[in-house]
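Working notes for the structure below.
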Amino acid sequence: MADKTLSAEERAGRAFPVSWDQFHRDCRALTWRLNEIGPFHAVVAITRGGLVPAAIVARELGVRVIDTICIASYDHTKQGELQVLKGISADTAQLGGGTGKGLLIVDDLVDTGKTGRMVREILPDAHFATVYAKPKGRPLVDTFITEVSQDTWIFFPWDTALSFAPPLRDGAA
Ligand SMILES: O=P(O)(O)OC[C@H]1O[C@H](OP(=O)(O)OP(=O)(O)O)[C@H](O)[C@@H]1O
Ligand SMILES: O=c1[nH]c(=O)c2nc[nH]c2[nH]1
Ligand SMILES: [Mg+2]
């Protein structure tokens, strides 16, 4: 049984650090795929992690209508109850005909799929794209670029900073 005293990051065990450069390249690769599926009336970013890929994807696709759906679940690395803090605007809802048809939802990743499931309930006909996907969340995503194992924690460039790494012979992992 999973140890509830450990954070998701501690349970993950493995680390997958992503640089800005890598993230930008992965977002562009995602857009190549999405470009074959669109056009989309608007991009809906799941904040906050979806804001960065949404900006890059919208720029590449030439989409200028961008909205947000604001969901909070993880307090740093512990996932709690999902809270929708803000939904999409009436204008965006109208563009998607009420069910999200022709809208592109963007997030940085799916992990357990809890966030994605909630967004799918709100906009069932929207296209859901993430840059990274872990196996549990993968079935919820229409398009993604890289799958990482469930026991991996992805470190995004906006959550990290460059720091000194001791040489391997001094015991660094
Ligand atoms: O598939 P799940 O297990 O639901 O996890 C994925 C979600 O978790 C993270 O967001 P978080 O709630 O940490 O908020 P943030 O985007 O503001 O960092 C991430 O950006 C996804 O939105
Ligand atoms: O920065 C993050 N990395 C992850 O792997 C993850 N999973 C859920 N939420 C997450 N946030
Ligand atoms: Mg998020």
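Cβ atoms here come from the backbone N, Cα and C positions, even for glycine.
The domain 'Phosphoribosyltransferase' feature in TrEMBL is assigned to 19-163. Per TrEMBL, 5-phospho-alpha-D-ribose 1-diphosphate binding site is recorded for Arg48, Gly49, Asp107, Asp108, Leu109, Val110, Asp111, Thr112, Gly113, Lys114, Thr115. Taken from TrEMBL, the feature Mg(2+) binding site covers Asp108. Per TrEMBL, guanine binding site is recorded for Asp111, Ile154. Residues annotated as GMP binding site in TrEMBL: Asp111, Thr112, Gly113, Lys114, Thr115, Trp153, Ile154. The xanthine binding site annotation in TrEMBL covers Asp111, Ile154.
Annotated features, which come from TrEMBL, shown on the structure.
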residue : record                                              : Cβ contacts under 8 Å, 6 or more apart
Arg48   : 5-phospho-alpha-D-ribose 1-diphosphate binding site : none
Asp107  : 5-phospho-alpha-D-ribose 1-diphosphate binding site : Ala45, Ile46, Gly49, Gly50, Pro53, Thr115, Gly116, Val119, Phe128, Ala129, Thr130
Asp108  : Mg(2+) binding site                                 : Gly49, Gly50, Val52, Pro53, Thr130, Val131, Tyr132, Ile154, Phe156
Leu109  : 5-phospho-alpha-D-ribose 1-diphosphate binding site : Gly49, Thr130, Val131, Tyr132, Ala133, Lys134, Gly137, Ile154
Asp111  : 5-phospho-alpha-D-ribose 1-diphosphate binding site : Ala8, Lys134, Lys136, Gly137, Gln150
Thr112  : GMP binding site                                    : Gln79, Lys134, Lys136, Gly137
Lys114  : GMP binding site                                    : Ser73, Gln79, Leu82
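Taking only the Cα positions, the spacing between Trp153 (GMP binding site) and Gly113 (5-phospho-alpha-D-ribose 1-diphosphate binding site) is 15 angstrom. Among the binding-site residues Arg48, Asp107, Asp108, Gly113, Lys114, Thr115, not one has its Cβ under 6 Å from an atom of ligand 2. Using DSSP to sort the residues of the domain 'Phosphoribosyltransferase' (19-163) gives these counts of helix, strand and coil: 48 helix, 47 strand, 50 coil. Taking the domain 'Phosphoribosyltransferase' (19-163) as a whole, pLDDT averages 95 in the prediction.
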